[in-house]
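A.B. asks: Sharing a structure, written as structure tokens. Questions coming.
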Number of protein chains: 2
Amino acid sequence: MRVMGVDPGLTRCGIGMVDGGIGRKVTAVDVGVVRTPQDMDLANRLLRVADAAERWMDAHRPDAVAIERVFSQHNVRTAMGTAQAGGVVALAAARRGIPVAFHTPSEVKAAVTGNGSADKAQVTAMVTRILGLRVAPKPADAADALALAICHCWRAPLLDRMAKAEAQAAAARARYTERLAEQRRAGGTRNSGGGQRKAVGE
Amino acid sequence: MRVMGVDPGLTRCGIGMVDGGIGRKVTAVDVGVVRTPQDMDLANRLLRVADAAERWMDAHRPDAVAIERVFSQHNVRTAMGTAQAGGVVALAAARRGIPVAFHTPSEVKAAVTGNGSADKAQVTAMVTRILGLRVAPKPADAADALALAICHCWRAPLLDRMAKAEAQAAAARARYTERLAEQRRAGGTRNSGGGQRKAVGE
């Protein structure tokens, strides 16, 4: 599975492409950083980020795109710009029918270093080691993008299995509710006084 | 000048198209709301909003797109979604070379009602009156989108004039700085000891 990891941003947007193999084997395909000038207007900065993301998607054809989920940052304006940069990348993926997943910074750090509050240096060091790179990816945004892609490679099978289990549970619950309703209908007038009785599992 | 006003959102995104005439004359062209299902994944919700915005742009060919600037809301997740919805609309405009402006809610309220902290009912009432509509636009997102477009029609000439004045001031400052530097060079050794002296106006 090929995963495109994206550390969204307007000033610097990290993009990392990683191939996930059997088990925890992962290899780096490409990595880079998209920059947009700070004195450019927001709409055109978003256009630059979107264009770059589309070029990366069309060149490398990832099976999934993993984007860092933005939470509140110190600076609200920066947080909004970061969220919007991630949004236009998600849009580009949706246009191509590529599934998009969002991972929080602590999920990424935990996956890659085993510690959800690891610092940037630890993340970079582990990414370098996991991918067997001779030099550490720079700047931090590039390393973070690779970390996101690695995190997705490792979490995706887990998330898939969870989604399937949840779907099965929902189907079982629906069957049970349906059977209850049938019994109630069969019971006829006996239960009709119950009125708004709530079905189990709802 | 035709302006497309956008009250961004994932659950409901208001879009209003307004023609600005001479003075403060404005007329409504079209208004609507784009909705996306809450159980749909974020990337596909953004795609729905972007597709709708593009259809509106291509059908009505606005000269400018005015989007509400999102600040922090009670719910960080909602604020991010709102910012991202606005971001993909801005991107669609940038792709078409249509200039994009952002106005804050209080700028919009002040422009339309004269009061920066007017409530939704007041905004809707004034929008209905300004555009001479027989029925009030509903829901509030539709009225807000029209308010944004009206606000832009009225603020745009002002903002243009301000931008021109600022550009002129910057040019004058640059000429002055250049002349100072020339004088310093002409002054030769006399001023050379001054070292890091700062030019006036920098």
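Just so you know, glycine gets a Cβ as well, placed from its N, Cα and C.
When I checked TrEMBL for this same protein, it listed these features:
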- A:ASP7: active site (ACT_SITE)
- A:GLU68: active site (ACT_SITE)
- A:ASP141: active site (ACT_SITE)
- A:ASP7, A:ASP141: Mg(2+) 1 binding site (BINDING)
- A:GLU68: Mg(2+) 2 binding site (BINDING)
- A:181-202: region 'Disordered' (REGION)
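Looking at the shown structure, what environment does each listed feature sit in?
C.D. replies: In this structure, A:ASP7 (active site) is part of a beta strand by DSSP.
There are 25 other Cβ atoms within 10 Å of the Cβ belonging to A:GLU68 (active site).
The Cβ of A:ASP141 (active site) lies under 8 Å from the Cβ of A:ASP7, A:GLY9, A:ARG12, A:CYS13, A:GLY14, A:VAL33, each of which sits 6+ residues away along the same chain. The DSSP secondary structure for A:ASP141 (active site) is helix.
A:GLU68 (active site) falls within a strand segment according to DSSP.
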A.B. asks: Just name the active-site residues among A:ASP7, A:GLU68, A:ASP141 whose Cβ comes within less than 8 Å of a chain B Cβ; none is a fine answer.
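C.D. replies: Of A:ASP7, A:GLU68, A:ASP141, none lie near chain B.
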